[in-house]
Amino acid sequence: MVSLSSHPARALRGEIAVPGDKSISHRSIMLGSIARGVTTVSGFLRGEDNIATLDAFRAMGVQVHDDGETLRIEGKGLHGLTEAEDVIDCGNSGTSIRLLTGLMAAQRFYTVLTGDRYLRRRPMRRVVEPLSRMGACIHGRDNGEKAPLAIVGRPLTGIAYDSPVASAQVKSALMLAGLYADGATRVTEPHLSRDHSERMFRHFGARLETDAAGVTVYGGHELDGRDIVVPGDISSAAFFLVAALIVPGSELLIRGVGVNPTRTGILDILAAMGGSVELLDQREVSGEPVADLLVRSSALKGIEIGGDVVPRAIDEFPVICVAAALAEGTTVIRDARELRVKETDRIAAMAANLRAAGATITETADGMIIEGTGRLNGVTVESFGDHRIAMSMLVAGLAASGAITVSDTECIATSFPTFTALLDKVAVR
């Protein structure tokens with residue numbers, strides 16, 4: 001296991017561009033593969049999760065050419081995928097396995113999906129159950145709750161599904177299945193999750209309708225290849241936003257970040273805490289809003305976080321916890337039970353790590369209470385095999401009284417292979 005240490009910084013200064021958005025990168029491969037004609041993708045995130053998706057489609061007969069800058073996908077059309085000769089390994093990627101489950105349920109062949117030991121613990125019935133209502137034949141451990149999943153493709157029928165959780169993965173799995181289903185497939189949620197799938201479906205020419213409650217996909221219509229430019233991932237930018245806010249004297253410009261409104265909960269939360277983050281040169285790229293983010297160090301204060309903002313910031317909560325621990329006053333996080341079924345239980349993991357660094361934290365069933373003191377101590381902590389836990393604690397080390405060492409950091413390559421190099425570039429020590 002590789003351990004990394006983060007030492008106190010005097011400031012963060014300069015300009016960076018974070019890698020391409022992980023969610024959009026996944027979807028570009030999936031839709032490009034089942035579209036007719038050629039799709040090009042620039043800005044693709046070459047993290048382990050996205051490579052797992054890429055390898056899955058190559059295993060199903062899709063030709064993907066990579067010159068190091070741009071992917072060229074030779075789409076096979078809705079019914080052109082072929083059966084993989086082996087089990088498809090999704091690694092640590094929940095997005096890969098859940099979205100592929102929806103897509104594979106409608107194919108004319110047999111598929112087995114698995115993943116690493118962390119992914120095999122994560123809940124899958126949330127996609128298996130509604131897909132089964134559509135007519136899918138899916139078998140898995142623990143009555144379909146856990147991977148590996150064995151999927152026998154068969155004709156599907158559209159349904160109206162009211163999801164009990166606001167999950168873009170659940171919604172997107174059903175949308176992908178809905179492309180093949182007889183009739184309309186409608187998905188509603190308690191709070192609207194990120195809408196990258198809806199935007200990209202439109203970009204590829206799918207027939208769908210959206211409203212305030214959800215999305216409806218009409219099956220049986222072919223997609224056409226498109227050119228896609230993937231913006232920088234706001235979930236990756238979040239580590240640098242918080243780092244610059246908590247280290248006095250910092251000023252950092254992050255260029256070309258996706259600012260889709262369903263993903264900008266992190267910006268709203270940091271602004272409510274008193275953080276200075278400006279959106280510059282706002283524009284649209286491949287159907288997605290993009291901006292440059294200028295962040296300056298700020299005195300943060302504790303706030304209450306809950307409700308609709310939670311699904312808009314669900315992946316950023318580990319680093320939000322770091323900001324809260326270094327703020328003045330109490331931060332209450334609620335309505336975030338989904339954090340307990342991520343790559344690890346992120347509520348328990350961040351509570352344990354920040355307590356080890358001297359923070360006062362009380363766990364609740366759906367969140368935590370953080371008593372901000374503006375101070376953390378140097379310590380050695382665990383990543384729990386979770387890339388966002390690892391990076392969040394390395395950010396904490398920039399503003400701690402001593403070095404914070406994180407063990408088992410190979411997981412960072414899941415989403416942000418260049419994280420430490422960018423951190424070294426802008427940290428003034």
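Just so you know, glycine gets a Cβ as well, placed from its N, Cα and C.
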Record-annotated 3-phosphoshikimate site (Swiss-Prot): member among K76, K342, K425 besides K22, S23, R27, S167, Q169, D315: K342
Residue among binding-site residues S23, R27, S167, D315 with Cα closest to the Cα of R388 (phosphoenolpyruvate binding site): D315
Reduced DSSP assignment, S167 (3-phosphoshikimate binding site): coil
Integer Cα-Cα distance in angstrom, K22 (phosphoenolpyruvate binding site) to D315 (3-phosphoshikimate binding site): 11
Which of K22, R27, R122, R346, all binding-site residues, has a Cβ with the fewest other Cβ atoms inside 10 Å: R122
